[in-house]
Amino acid sequence: MARQVKTRNKVIVTIAAWAVGIAIFFPILWTVITSFKSEADAIADPPVFLFFNWTLENYVTVQERSDYFNHFMNSVVISVGSTLIGLLIAVPAAWAMAFVPGKRTKDLLMWMLSTKMLPPVGVLVPLYLIFRDIGLLDTRIGLVIVLTLINLPIIIWMLYTYFREIPGEILEAARMDGATLKAEILYVLTPMAVPGIASTLLLNIILAWNEAFWTLNLTAANAAPLTAFIASYSSPEGLFYAKLSAASTMAIAPILIMGWFSQKQLVRGLTFGAVK
Amino acid sequence: MATKHSRAAARLMISPAVLLLLGWMIVPLAMTLYFSFQRYNLLMPGMEEWTGLANYQYFLTDPAFFDALTNTLLLVGGVLLVTIIGGVMLALLLDQPFFGQGVVRILVIAPFFVMPTVSALVWKNMFLNPVNGLFAHAAKALGLQPYDFFAQAPLASIIGIVSWQWLPFATLILLTALQSLDQEQLEAAEMDGAGPLSRFFHIMLPHLARAITVVILIQTIFLLSVFAEILVTTNGGPGTASTNLTYLIYAQSLLQFDVGGGSAGGVVAIVLANIVAIFLMRMIGKNLEA
(Lines of atoms letter the chains of each structure in order from A; the text may use other names.)
(Lines give C-alpha, C1' and ligand atoms only; values in the text may rest on other atoms or scores of the structure.)
Protein backbone atom coordinates (compact mmCIF):
# COMPACT_ATOMS: atom_id res chain seq x y z
CA MET A 1 0.00 0.00 0.00
CA ALA A 2 2.64 2.47 1.08
CA ARG A 3 4.70 1.69 -1.97
CA GLN A 4 1.74 2.21 -4.25
CA VAL A 5 1.08 5.63 -2.74
CA LYS A 6 4.74 6.47 -3.17
CA THR A 7 4.73 5.52 -6.85
CA ARG A 8 1.56 7.49 -7.48
CA ASN A 9 3.08 10.53 -5.79
CA LYS A 10 6.19 10.17 -7.86
CA VAL A 11 4.16 10.11 -11.06
CA ILE A 12 2.21 13.22 -10.05
CA VAL A 13 5.41 15.06 -9.11
CA THR A 14 6.99 13.95 -12.38
CA ILE A 15 4.14 15.38 -14.44
CA ALA A 16 4.07 18.64 -12.47
CA ALA A 17 7.83 19.11 -12.58
CA TRP A 18 8.07 18.42 -16.31
CA ALA A 19 5.16 20.76 -17.03
CA VAL A 20 6.79 23.60 -15.10
CA GLY A 21 10.22 22.85 -16.59
CA ILE A 22 8.92 22.91 -20.15
CA ALA A 23 6.90 26.08 -19.51
CA ILE A 24 9.97 27.89 -18.19
CA PHE A 25 12.13 26.62 -21.04
CA PHE A 26 9.50 27.27 -23.71
CA PRO A 27 10.62 30.76 -24.82
CA ILE A 28 14.08 29.36 -25.57
CA LEU A 29 12.65 26.34 -27.36
CA TRP A 30 10.32 28.56 -29.37
CA THR A 31 13.23 30.80 -30.37
CA VAL A 32 15.24 27.82 -31.59
CA ILE A 33 12.29 26.44 -33.57
CA THR A 34 11.48 29.82 -35.08
CA SER A 35 15.06 30.22 -36.26
CA PHE A 36 14.41 27.40 -38.76
CA LYS A 37 11.23 28.93 -40.19
CA SER A 38 10.64 31.22 -43.11
CA GLU A 39 9.60 34.74 -42.09
CA ALA A 40 6.02 33.99 -43.17
CA ASP A 41 5.86 30.84 -41.03
CA ALA A 42 7.38 32.70 -38.11
CA ILE A 43 4.35 34.98 -37.77
CA ALA A 44 1.73 32.52 -39.02
CA ASP A 45 -1.60 32.56 -37.20
CA PRO A 46 -2.35 29.98 -35.88
CA PRO A 47 1.33 29.38 -35.10
CA VAL A 48 3.05 26.36 -36.59
CA PHE A 49 5.05 24.25 -34.18
CA LEU A 50 6.86 21.52 -36.03
CA PHE A 51 5.22 21.04 -39.40
CA PHE A 52 6.69 23.67 -41.65
CA ASN A 53 9.50 23.84 -44.17
CA TRP A 54 12.63 23.73 -42.06
CA THR A 55 15.29 26.00 -43.48
CA LEU A 56 18.78 27.22 -42.62
CA GLU A 57 18.35 30.32 -44.72
CA ASN A 58 18.07 32.66 -41.69
CA TYR A 59 21.46 31.66 -40.41
CA VAL A 60 22.99 32.39 -43.79
CA THR A 61 21.20 35.74 -44.10
CA VAL A 62 22.19 36.89 -40.64
CA GLN A 63 25.83 36.17 -41.38
CA GLU A 64 25.76 37.79 -44.80
CA ARG A 65 23.89 40.91 -43.90
CA SER A 66 25.54 41.83 -40.65
CA ASP A 67 28.82 39.97 -40.47
CA TYR A 68 27.57 37.97 -37.53
CA PHE A 69 30.84 36.12 -37.13
CA ASN A 70 32.67 39.34 -36.32
CA HIS A 71 30.31 40.06 -33.41
CA PHE A 72 30.56 36.48 -32.27
CA MET A 73 34.35 36.78 -32.20
CA ASN A 74 34.05 40.05 -30.28
CA SER A 75 32.06 38.20 -27.64
CA VAL A 76 34.61 35.40 -27.52
CA VAL A 77 37.62 37.72 -27.29
CA ILE A 78 36.01 39.98 -24.71
CA SER A 79 34.66 37.27 -22.42
CA VAL A 80 37.60 34.88 -22.63
CA GLY A 81 40.18 37.65 -22.63
CA SER A 82 38.78 39.45 -19.62
CA THR A 83 38.44 36.17 -17.72
CA LEU A 84 42.01 35.04 -18.42
CA ILE A 85 43.53 38.38 -17.46
CA GLY A 86 41.31 38.42 -14.39
CA LEU A 87 42.56 34.96 -13.39
CA LEU A 88 46.16 36.04 -13.90
CA ILE A 89 45.68 38.85 -11.40
CA ALA A 90 43.35 36.97 -9.06
CA VAL A 91 45.10 33.61 -8.61
CA PRO A 92 48.13 35.00 -6.77
CA ALA A 93 45.95 37.31 -4.69
CA ALA A 94 43.49 34.59 -3.70
CA TRP A 95 46.33 32.17 -3.05
CA ALA A 96 48.07 34.59 -0.73
CA MET A 97 44.87 35.42 1.14
CA ALA A 98 43.91 31.78 1.58
CA PHE A 99 47.30 30.45 2.67
CA VAL A 100 49.01 33.40 4.30
CA PRO A 101 46.05 35.13 5.92
CA GLY A 102 46.88 38.26 7.86
CA LYS A 103 44.88 40.40 10.25
CA ARG A 104 43.52 42.47 7.41
CA THR A 105 42.62 39.67 5.00
CA LYS A 106 38.96 39.66 5.90
CA ASP A 107 38.64 43.44 5.60
CA LEU A 108 40.42 43.28 2.28
CA LEU A 109 38.03 40.65 0.95
CA MET A 110 35.02 42.61 2.09
CA TRP A 111 36.36 45.76 0.52
CA MET A 112 36.91 43.98 -2.79
CA LEU A 113 33.34 42.77 -2.63
CA SER A 114 32.09 46.27 -1.95
CA THR A 115 33.56 47.50 -5.25
CA LYS A 116 31.24 45.04 -6.98
CA MET A 117 28.26 46.75 -5.43
CA LEU A 118 28.99 50.07 -7.01
CA PRO A 119 26.12 50.61 -9.49
CA PRO A 120 27.69 50.78 -12.96
CA VAL A 121 25.61 53.79 -13.89
CA GLY A 122 27.32 55.73 -11.10
CA VAL A 123 30.58 55.73 -13.03
CA LEU A 124 29.14 55.69 -16.55
CA VAL A 125 29.90 59.33 -17.33
CA PRO A 126 33.57 59.44 -16.32
CA LEU A 127 34.31 56.10 -17.89
CA TYR A 128 32.65 57.10 -21.12
CA LEU A 129 34.64 60.35 -21.21
CA ILE A 130 37.94 58.65 -20.35
CA PHE A 131 37.35 56.07 -23.05
CA ARG A 132 36.45 58.76 -25.57
CA ASP A 133 39.56 60.78 -24.78
CA ILE A 134 42.05 57.92 -24.98
CA GLY A 135 40.36 56.28 -27.96
CA LEU A 136 39.08 53.14 -26.23
CA LEU A 137 35.43 53.62 -27.19
CA ASP A 138 34.21 50.78 -29.40
CA THR A 139 37.40 48.72 -29.04
CA ARG A 140 37.82 45.17 -27.85
CA ILE A 141 40.67 46.20 -25.57
CA GLY A 142 38.49 48.78 -23.83
CA LEU A 143 35.81 46.24 -23.05
CA VAL A 144 38.33 43.63 -21.93
CA ILE A 145 39.69 46.17 -19.42
CA VAL A 146 36.25 47.08 -18.07
CA LEU A 147 34.98 43.52 -17.82
CA THR A 148 38.20 42.36 -16.17
CA LEU A 149 37.77 45.00 -13.50
CA ILE A 150 34.08 44.48 -12.85
CA ASN A 151 34.48 40.71 -12.54
CA LEU A 152 37.77 40.71 -10.64
CA PRO A 153 36.10 40.73 -7.19
CA ILE A 154 33.96 37.71 -8.12
CA ILE A 155 36.97 35.85 -9.49
CA ILE A 156 39.03 36.52 -6.37
CA TRP A 157 36.18 35.53 -4.10
CA MET A 158 35.42 32.30 -5.91
CA LEU A 159 39.07 31.29 -6.00
CA TYR A 160 39.44 32.21 -2.35
CA THR A 161 36.55 29.96 -1.27
CA TYR A 162 38.03 27.10 -3.29
CA PHE A 163 41.60 27.61 -2.11
CA ARG A 164 40.51 27.81 1.50
CA GLU A 165 39.27 24.25 1.27
CA ILE A 166 42.70 22.95 0.36
CA PRO A 167 44.10 21.57 3.63
CA GLY A 168 47.04 23.59 4.92
CA GLU A 169 48.66 20.50 6.45
CA ILE A 170 49.53 19.21 3.04
CA LEU A 171 51.63 22.32 2.47
CA GLU A 172 53.40 21.88 5.77
CA ALA A 173 54.12 18.28 4.90
CA ALA A 174 55.60 19.38 1.59
CA ARG A 175 57.70 21.99 3.37
CA MET A 176 58.97 19.40 5.85
CA ASP A 177 60.06 17.30 2.93
CA GLY A 178 62.08 20.27 1.78
CA ALA A 179 59.91 21.59 -1.02
CA THR A 180 60.76 25.11 -2.11
CA LEU A 181 58.04 27.69 -2.51
CA LYS A 182 58.16 27.15 -6.25
CA ALA A 183 57.86 23.38 -5.96
CA GLU A 184 55.09 23.82 -3.43
CA ILE A 185 53.04 25.91 -5.81
CA LEU A 186 53.83 23.88 -8.89
CA TYR A 187 53.48 20.31 -7.66
CA VAL A 188 51.29 20.46 -4.57
CA LEU A 189 48.91 23.34 -4.92
CA THR A 190 48.30 23.57 -8.62
CA PRO A 191 46.86 20.08 -9.06
CA MET A 192 44.52 20.65 -6.14
CA ALA A 193 43.52 24.10 -7.32
CA VAL A 194 42.76 23.23 -10.93
CA PRO A 195 39.08 22.24 -10.43
CA GLY A 196 38.35 25.48 -8.58
CA ILE A 197 40.13 27.55 -11.20
CA ALA A 198 38.25 25.77 -13.99
CA SER A 199 34.87 26.47 -12.37
CA THR A 200 35.80 30.09 -11.85
CA LEU A 201 36.87 30.36 -15.47
CA LEU A 202 33.62 28.90 -16.71
CA LEU A 203 31.33 31.04 -14.59
CA ASN A 204 33.18 34.21 -15.43
CA ILE A 205 33.10 33.61 -19.15
CA ILE A 206 29.33 33.25 -18.79
CA LEU A 207 29.01 36.46 -16.78
CA ALA A 208 31.21 38.39 -19.20
CA TRP A 209 29.43 36.99 -22.26
CA ASN A 210 26.07 38.17 -20.98
CA GLU A 211 27.19 41.51 -19.55
CA ALA A 212 24.88 44.08 -21.10
CA PHE A 213 25.49 47.45 -19.51
CA TRP A 214 29.03 48.32 -20.49
CA THR A 215 28.91 46.41 -23.75
CA LEU A 216 25.86 48.43 -24.81
CA ASN A 217 27.21 51.77 -23.70
CA LEU A 218 30.84 51.56 -24.76
CA THR A 219 30.56 49.98 -28.22
CA ALA A 220 29.13 50.93 -31.57
CA ALA A 221 29.69 48.96 -34.78
CA ASN A 222 33.22 47.58 -34.56
CA ALA A 223 33.70 46.01 -31.17
CA ALA A 224 30.03 45.28 -30.45
CA PRO A 225 29.70 41.82 -28.92
CA LEU A 226 26.52 39.79 -29.37
CA THR A 227 24.67 41.55 -26.53
CA ALA A 228 24.95 44.85 -28.38
CA PHE A 229 24.51 43.33 -31.84
CA ILE A 230 21.24 41.66 -30.88
CA ALA A 231 20.02 44.95 -29.42
CA SER A 232 20.14 46.39 -32.93
CA TYR A 233 17.18 44.12 -33.72
CA SER A 234 14.99 46.28 -31.49
CA SER A 235 14.70 48.91 -34.22
CA PRO A 236 11.59 48.51 -36.39
CA GLU A 237 13.41 47.59 -39.60
CA GLY A 238 15.00 44.72 -37.72
CA LEU A 239 11.66 43.12 -36.98
CA PHE A 240 12.24 39.79 -38.62
CA TYR A 241 11.30 37.08 -36.19
CA ALA A 242 13.05 34.23 -37.93
CA LYS A 243 16.28 36.16 -38.32
CA LEU A 244 16.09 37.52 -34.79
CA SER A 245 15.65 33.92 -33.64
CA ALA A 246 18.60 32.66 -35.64
CA ALA A 247 20.86 35.41 -34.31
CA SER A 248 19.59 34.76 -30.78
CA THR A 249 20.03 31.01 -31.00
CA MET A 250 23.65 31.35 -32.02
CA ALA A 251 24.24 33.91 -29.29
CA ILE A 252 22.89 31.82 -26.44
CA ALA A 253 23.74 28.26 -27.51
CA PRO A 254 27.42 28.17 -26.47
CA ILE A 255 26.75 29.81 -23.14
CA LEU A 256 23.73 27.65 -22.41
CA ILE A 257 25.88 24.56 -22.78
CA MET A 258 28.64 25.98 -20.60
CA GLY A 259 26.05 27.11 -18.10
CA TRP A 260 24.59 23.66 -17.70
CA PHE A 261 28.04 22.38 -16.82
CA SER A 262 28.57 25.03 -14.19
CA GLN A 263 25.22 24.91 -12.34
CA LYS A 264 26.76 23.91 -9.03
CA GLN A 265 29.52 26.49 -9.14
CA LEU A 266 26.96 29.09 -10.03
CA VAL A 267 25.38 29.00 -6.58
CA ARG A 268 28.70 29.26 -4.85
CA GLY A 269 30.13 31.91 -7.15
CA LEU A 270 27.17 34.24 -7.18
CA THR A 271 26.52 34.05 -3.46
CA PHE A 272 30.21 34.65 -2.65
CA GLY A 273 30.31 31.36 -0.79
CA ALA A 274 27.35 32.25 1.43
CA VAL A 275 25.34 29.29 0.08
CA LYS A 276 27.09 26.11 -0.96
CA MET B 1 53.55 29.07 10.09
CA ALA B 2 53.78 32.22 8.11
CA THR B 3 57.28 33.55 8.06
CA LYS B 4 58.28 37.13 7.45
CA HIS B 5 59.47 36.04 4.05
CA SER B 6 56.15 34.51 3.02
CA ARG B 7 54.28 37.54 4.35
CA ALA B 8 56.22 39.81 2.07
CA ALA B 9 55.60 37.45 -0.84
CA ALA B 10 51.91 37.39 -0.03
CA ARG B 11 51.73 41.16 0.00
CA LEU B 12 53.42 41.24 -3.36
CA MET B 13 50.92 38.76 -4.77
CA ILE B 14 47.91 40.67 -3.50
CA SER B 15 48.99 44.16 -4.47
CA PRO B 16 48.23 44.09 -8.23
CA ALA B 17 44.61 43.17 -7.54
CA VAL B 18 44.30 45.76 -4.78
CA LEU B 19 45.87 48.55 -6.80
CA LEU B 20 43.71 47.85 -9.83
CA LEU B 21 40.49 47.76 -7.84
CA LEU B 22 41.51 50.82 -5.91
CA GLY B 23 42.12 52.72 -9.13
CA TRP B 24 38.92 51.40 -10.65
CA MET B 25 36.96 52.58 -7.67
CA ILE B 26 38.55 55.89 -6.81
CA VAL B 27 39.27 57.48 -10.19
CA PRO B 28 35.78 57.28 -11.78
CA LEU B 29 34.11 57.89 -8.44
CA ALA B 30 36.10 61.04 -7.85
CA MET B 31 35.33 62.19 -11.37
CA THR B 32 31.59 61.52 -10.97
CA LEU B 33 31.63 63.48 -7.76
CA TYR B 34 33.55 66.35 -9.37
CA PHE B 35 31.31 66.48 -12.45
CA SER B 36 28.22 66.47 -10.29
CA PHE B 37 29.13 69.95 -9.07
CA GLN B 38 29.81 71.26 -12.56
CA ARG B 39 27.62 72.73 -15.22
CA TYR B 40 28.93 70.54 -17.99
CA ASN B 41 27.11 69.61 -21.20
CA LEU B 42 28.88 67.83 -24.02
CA LEU B 43 26.97 69.95 -26.53
CA MET B 44 28.40 73.13 -25.04
CA PRO B 45 32.11 72.49 -24.68
CA GLY B 46 34.16 75.14 -22.92
CA MET B 47 31.18 76.36 -20.89
CA GLU B 48 31.98 74.27 -17.83
CA GLU B 49 31.62 76.04 -14.54
CA TRP B 50 31.16 75.30 -10.87
CA THR B 51 27.50 75.24 -9.91
CA GLY B 52 27.51 73.88 -6.41
CA LEU B 53 24.44 71.79 -5.66
CA ALA B 54 22.39 72.98 -8.63
CA ASN B 55 22.64 69.63 -10.44
CA TYR B 56 21.38 67.80 -7.39
CA GLN B 57 18.60 70.27 -6.92
CA TYR B 58 17.62 69.88 -10.55
CA PHE B 59 17.87 66.10 -10.55
CA LEU B 60 16.07 65.53 -7.26
CA THR B 61 13.20 67.92 -8.01
CA ASP B 62 12.69 66.65 -11.57
CA PRO B 63 9.34 64.80 -11.62
CA ALA B 64 11.11 62.15 -13.72
CA PHE B 65 13.34 61.38 -10.74
CA PHE B 66 10.38 60.59 -8.53
CA ASP B 67 8.86 58.40 -11.27
CA ALA B 68 12.17 56.64 -11.79
CA LEU B 69 12.59 56.04 -8.08
CA THR B 70 9.07 54.61 -7.83
CA ASN B 71 9.64 52.44 -10.90
CA THR B 72 12.97 51.21 -9.54
CA LEU B 73 11.33 50.17 -6.28
CA LEU B 74 8.39 48.54 -8.09
CA LEU B 75 10.73 46.71 -10.44
CA VAL B 76 12.98 45.43 -7.66
CA GLY B 77 10.06 44.62 -5.37
CA GLY B 78 7.96 42.99 -8.10
CA VAL B 79 10.74 40.76 -9.36
CA LEU B 80 11.74 39.80 -5.81
CA LEU B 81 8.15 38.87 -4.98
CA VAL B 82 7.72 36.71 -8.07
CA THR B 83 11.11 35.02 -7.88
CA ILE B 84 11.07 34.32 -4.14
CA ILE B 85 7.55 32.91 -4.02
CA GLY B 86 7.97 31.08 -7.32
CA GLY B 87 11.44 29.96 -6.34
CA VAL B 88 10.34 28.47 -3.02
CA MET B 89 7.48 26.63 -4.71
CA LEU B 90 9.71 25.34 -7.50
CA ALA B 91 12.43 24.30 -5.08
CA LEU B 92 9.89 22.35 -3.00
CA LEU B 93 8.65 20.63 -6.16
CA LEU B 94 12.08 19.81 -7.58
CA ASP B 95 13.38 18.59 -4.23
CA GLN B 96 11.04 15.59 -4.38
CA PRO B 97 11.98 12.41 -6.18
CA PHE B 98 10.69 12.18 -9.77
CA PHE B 99 11.68 10.82 -13.15
CA GLY B 100 14.12 12.90 -15.16
CA GLN B 101 15.31 15.18 -12.35
CA GLY B 102 18.53 16.10 -14.12
CA VAL B 103 16.82 17.14 -17.34
CA VAL B 104 14.12 19.22 -15.64
CA ARG B 105 16.77 20.96 -13.58
CA ILE B 106 18.57 21.89 -16.78
CA LEU B 107 15.34 23.21 -18.35
CA VAL B 108 14.55 25.33 -15.30
CA ILE B 109 18.01 26.85 -14.98
CA ALA B 110 18.32 27.73 -18.68
CA PRO B 111 16.81 31.27 -18.71
CA PHE B 112 19.55 32.49 -16.42
CA PHE B 113 22.12 31.96 -19.16
CA VAL B 114 20.23 33.87 -21.83
CA MET B 115 21.75 37.31 -22.38
CA PRO B 116 19.43 40.17 -21.31
CA THR B 117 19.06 41.65 -24.78
CA VAL B 118 18.00 38.30 -26.25
CA SER B 119 15.45 37.50 -23.59
CA ALA B 120 13.97 40.99 -23.75
CA LEU B 121 13.68 40.96 -27.55
CA VAL B 122 12.32 37.42 -27.73
CA TRP B 123 9.64 38.23 -25.17
CA LYS B 124 8.87 41.59 -26.72
CA ASN B 125 8.46 40.35 -30.28
CA MET B 126 7.56 36.72 -30.24
CA PHE B 127 5.33 36.62 -27.18
CA LEU B 128 4.06 40.08 -26.17
CA ASN B 129 3.71 41.74 -29.58
CA PRO B 130 0.04 42.77 -29.97
CA VAL B 131 -0.14 41.65 -33.63
CA ASN B 132 2.23 38.76 -34.18
CA GLY B 133 3.03 37.60 -30.66
CA LEU B 134 2.01 34.18 -29.40
CA PHE B 135 -0.09 35.72 -26.64
CA ALA B 136 -1.98 37.80 -29.22
CA HIS B 137 -2.59 34.65 -31.30
CA ALA B 138 -3.85 32.88 -28.20
CA ALA B 139 -6.13 35.78 -27.28
CA LYS B 140 -7.59 35.86 -30.79
CA ALA B 141 -8.11 32.09 -30.76
CA LEU B 142 -10.12 32.53 -27.56
CA GLY B 143 -12.09 35.38 -29.10
CA LEU B 144 -10.47 38.03 -26.89
CA GLN B 145 -8.97 41.37 -27.78
CA PRO B 146 -5.15 41.16 -28.00
CA TYR B 147 -3.47 43.11 -25.22
CA ASP B 148 -0.76 45.65 -26.05
CA PHE B 149 1.56 44.79 -23.18
CA PHE B 150 4.24 47.45 -23.62
CA ALA B 151 1.76 50.25 -24.29
CA GLN B 152 -0.67 49.43 -21.51
CA ALA B 153 1.48 47.81 -18.84
CA PRO B 154 5.10 48.56 -19.73
CA LEU B 155 6.57 48.21 -16.26
CA ALA B 156 4.64 45.04 -15.47
CA SER B 157 5.83 43.52 -18.75
CA ILE B 158 9.43 44.30 -17.90
CA ILE B 159 8.94 42.87 -14.41
CA GLY B 160 7.67 39.71 -16.09
CA ILE B 161 10.68 39.41 -18.38
CA VAL B 162 13.21 40.10 -15.63
CA SER B 163 11.43 37.65 -13.32
CA TRP B 164 11.75 34.95 -15.97
CA GLN B 165 15.48 35.60 -16.05
CA TRP B 166 15.96 35.53 -12.29
CA LEU B 167 13.54 32.77 -11.26
CA PRO B 168 16.17 30.09 -12.07
CA PHE B 169 18.73 31.78 -9.82
CA ALA B 170 16.35 31.92 -6.86
CA THR B 171 15.19 28.35 -7.50
CA LEU B 172 18.71 26.98 -7.75
CA ILE B 173 19.89 28.61 -4.53
CA LEU B 174 16.77 27.67 -2.58
CA LEU B 175 16.97 24.12 -3.91
CA THR B 176 20.61 23.89 -2.82
CA ALA B 177 19.64 25.12 0.63
CA LEU B 178 16.68 22.74 0.83
CA GLN B 179 18.87 19.77 0.00
CA SER B 180 21.04 20.47 3.02
CA LEU B 181 18.00 20.13 5.29
CA ASP B 182 18.25 17.26 7.72
CA GLN B 183 15.80 14.62 6.47
CA GLU B 184 15.59 12.97 9.88
CA GLN B 185 14.21 16.12 11.38
CA LEU B 186 11.41 16.12 8.81
CA GLU B 187 10.66 12.47 9.37
CA ALA B 188 10.60 12.96 13.13
CA ALA B 189 8.13 15.80 12.72
CA GLU B 190 6.00 13.65 10.48
CA MET B 191 5.96 10.89 13.06
CA ASP B 192 4.87 13.37 15.68
CA GLY B 193 1.90 14.15 13.48
CA ALA B 194 2.98 17.44 11.87
CA GLY B 195 1.10 18.00 8.62
CA PRO B 196 2.76 19.17 5.40
CA LEU B 197 1.86 22.81 6.07
CA SER B 198 3.21 22.93 9.59
CA ARG B 199 6.31 21.07 8.44
CA PHE B 200 6.79 23.75 5.79
CA PHE B 201 6.26 26.72 8.08
CA HIS B 202 8.04 25.40 11.16
CA ILE B 203 10.94 23.46 9.68
CA MET B 204 11.54 24.23 6.01
CA LEU B 205 10.91 27.98 5.95
CA PRO B 206 13.15 28.74 8.94
CA HIS B 207 15.84 26.59 7.33
CA LEU B 208 15.46 28.54 4.08
CA ALA B 209 15.46 31.95 5.79
CA ARG B 210 19.18 32.45 5.30
CA ALA B 211 19.13 31.43 1.64
CA ILE B 212 16.12 33.68 1.01
CA THR B 213 17.98 36.60 2.55
CA VAL B 214 20.97 35.94 0.32
CA VAL B 215 18.73 35.76 -2.76
CA ILE B 216 17.01 39.02 -1.84
CA LEU B 217 20.23 40.89 -1.28
CA ILE B 218 22.11 39.65 -4.34
CA GLN B 219 19.17 40.07 -6.67
CA THR B 220 18.59 43.57 -5.34
CA ILE B 221 22.14 44.56 -6.27
CA PHE B 222 21.59 43.38 -9.84
CA LEU B 223 17.97 44.53 -10.13
CA LEU B 224 18.81 48.09 -9.14
CA SER B 225 20.88 48.19 -12.33
CA VAL B 226 18.43 46.66 -14.82
CA PHE B 227 19.17 48.42 -18.09
CA ALA B 228 19.29 46.34 -21.29
CA GLU B 229 15.75 45.01 -20.82
CA ILE B 230 14.39 48.55 -20.73
CA LEU B 231 16.59 49.85 -23.54
CA VAL B 232 15.45 47.28 -26.09
CA THR B 233 11.78 47.07 -25.12
CA THR B 234 10.34 50.45 -24.16
CA ASN B 235 13.21 52.95 -24.04
CA GLY B 236 11.79 53.90 -20.67
CA GLY B 237 8.42 54.90 -22.07
CA PRO B 238 5.68 55.63 -22.73
CA GLY B 239 6.72 58.89 -21.04
CA THR B 240 8.57 57.75 -17.95
CA ALA B 241 6.27 54.79 -17.29
CA SER B 242 9.10 52.27 -17.39
CA THR B 243 12.14 54.44 -16.65
CA ASN B 244 14.17 53.26 -13.70
CA LEU B 245 17.00 55.16 -12.05
CA THR B 246 19.71 53.51 -14.13
CA TYR B 247 17.91 54.28 -17.37
CA LEU B 248 17.15 57.87 -16.32
CA ILE B 249 20.82 58.56 -15.58
CA TYR B 250 21.84 56.93 -18.85
CA ALA B 251 19.37 59.09 -20.77
CA GLN B 252 20.49 62.23 -18.97
CA SER B 253 24.18 61.60 -19.60
CA LEU B 254 24.40 59.92 -22.98
CA LEU B 255 21.21 61.04 -24.73
CA GLN B 256 20.99 64.61 -23.44
CA PHE B 257 24.75 64.91 -22.97
CA ASP B 258 24.20 66.50 -19.56
CA VAL B 259 27.34 65.29 -17.83
CA GLY B 260 26.72 67.34 -14.69
CA GLY B 261 23.13 66.22 -14.21
CA GLY B 262 23.92 62.61 -15.05
CA SER B 263 26.77 62.61 -12.55
CA ALA B 264 24.56 63.99 -9.80
CA GLY B 265 22.13 61.17 -10.59
CA GLY B 266 25.03 58.72 -10.47
CA VAL B 267 25.95 59.88 -6.98
CA VAL B 268 22.33 59.45 -5.88
CA ALA B 269 22.30 55.91 -7.32
CA ILE B 270 25.54 55.06 -5.53
CA VAL B 271 24.13 56.25 -2.21
CA LEU B 272 20.98 54.15 -2.67
CA ALA B 273 22.94 51.04 -3.68
CA ASN B 274 25.21 51.47 -0.68
CA ILE B 275 22.29 51.21 1.69
CA VAL B 276 21.52 47.76 0.26
CA ALA B 277 25.19 46.84 0.11
CA ILE B 278 25.72 47.42 3.82
CA PHE B 279 23.15 44.77 4.67
CA LEU B 280 24.56 42.30 2.19
CA MET B 281 28.12 42.79 3.39
CA ARG B 282 27.10 42.14 6.97
CA MET B 283 25.56 38.82 5.98
CA ILE B 284 28.50 37.64 3.96
CA GLY B 285 30.92 38.91 6.59
CA LYS B 286 29.20 36.87 9.28
CA ASN B 287 29.45 33.81 7.12
CA LEU B 288 33.18 34.37 6.67
CA GLU B 289 33.72 34.02 10.39
CA ALA B 290 31.66 30.85 10.67
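Glycine is treated like the rest: Cβ placed from N, Cα and C.
According to TrEMBL, the feature domain 'ABC transmembrane type-1' maps to B:69-280.
Within the chain carrying the transmembrane segment (B:12-37), a Cβ under 8 angstroms from the stretch's Cβ atoms is held by residues 50-53, 55-56, 259-260, 262-264, 266-267, 270, all 6 or more beyond its ends. What TrEMBL records for B:12-37 (among others) is transmembrane segment.
What TrEMBL lists as transmembrane segment is B:73-94 (among others).
Positions annotated as transmembrane segment by TrEMBL: B:106-123 (among others).
Within the chain, the transmembrane segment (B:155-178) has long-range Cβ neighbours (under 8 A, six or more residues past its boundaries) at 71, 74-75, 78-79, 82-84, 86-88, 90-92, 94-95, 108-112, 114, 116, 119-120, 123-124, 128, 149, 204, 207-208, 210-212, 214-215, 219, 222-223, 226, 229-230, 233-234, 241-242. Positions annotated as transmembrane segment by TrEMBL: B:155-178 (among others).
The feature transmembrane segment is assigned by TrEMBL to B:208-228 (among others). Within the chain, the transmembrane segment (B:208-228) has long-range Cβ neighbours (under 8 A, six or more residues past its boundaries) at 72, 75-76, 79-80, 83-84, 87-88, 91, 116-117, 120, 158, 162, 166, 169-170, 173-174, 176-178, 244-247, 250, 269, 272-273, 276-277, 279-280, 283.
Residues or ranges marked as transmembrane segment in TrEMBL: B:264-284 (among others).
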